[in-house]
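Single-structure report; data block below.
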Amino acid sequence: MKVTKADIVISAVKPEQYPDSDLPEIALAGRSNVGKSSFINKILNRKKLVRISSKPGKTQTLNFFLINEMMHFVDVPGYGYAKVSKSERAAWGKMIETYFTTRKQLDAAVLVVDLRHQPTSDDVMMYDFLKHYEIPTIIIATKADKIPKGKWQKHLKVVKETLAVEIGDEIVLFSSETGLGKEEAWKAIHKMTKTKNA
């Protein structure tokens, strides 16, 4: 899809701060430093729309981005960062659960995992959480450029089996460096949101 407009609308922590809009929403989740910000910047053709932090666990709000006036991307704070305090982790959990369980505009989630490594227990927990609430999920297996092409299928199998990916949920091979998987990611997003691939 050709992205002509992408703007941050609001950074929210509670429902009354969410945008008052009927547009479909896609939530983007992933472990801290997995490459989620790079994924968002790449598929939106923006270099610095989402700041890429060298400090894991930096995003502590739900960041709503308006894309082409037709949908919202919701950047969810990264999980699994050990140095976050228990109280911060509890606040994160409550904020995420509130959004995922109450937001009617939410059509699907994107879960970003690192293709090079077996998904962590936190990745499994996040996927199970999404499935518990019956949220359709697209899995983005990023950093594919760091692995020889001949080993992609082997690594994909590990991702699929570790997460126990349900039928209907797509896995997209992706690279923020080369742009691999960009079109496939958009196709999956349009399918989930029933928007047109303009």
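In case you wondered, yes, glycine gets a Cβ from its N, Cα and C as well.
The domain 'EngB-type G' annotation in Swiss-Prot covers 22-195 and is backed by sequence analysis.
For 30-37, 57-61, 75-78, 142-145, 174-176, the entry in Swiss-Prot reads GTP binding site, with the evidence type sequence analysis. Using a 10 Å Cβ-Cβ cutoff, S37 (Mg(2+) binding site) registers 23 neighbours.
Here Swiss-Prot flags S37, T59 as Mg(2+) binding site, drawing on sequence analysis. Reduced to three states, the DSSP call for S37 (Mg(2+) binding site) is helix.
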Which one of the binding-site residues (G30, P77) has its C-beta surrounded by the most other C-beta atoms within 10 angstroms?
G30
Give me the non-local Cβ neighbours of F174 (GTP binding site): same chain, 6+ apart in sequence, Cβ-Cβ under 8 Å, ordered along the sequence.
F39, L115, I140, A141, T142, K143, A144, L180, G181, K182, A185
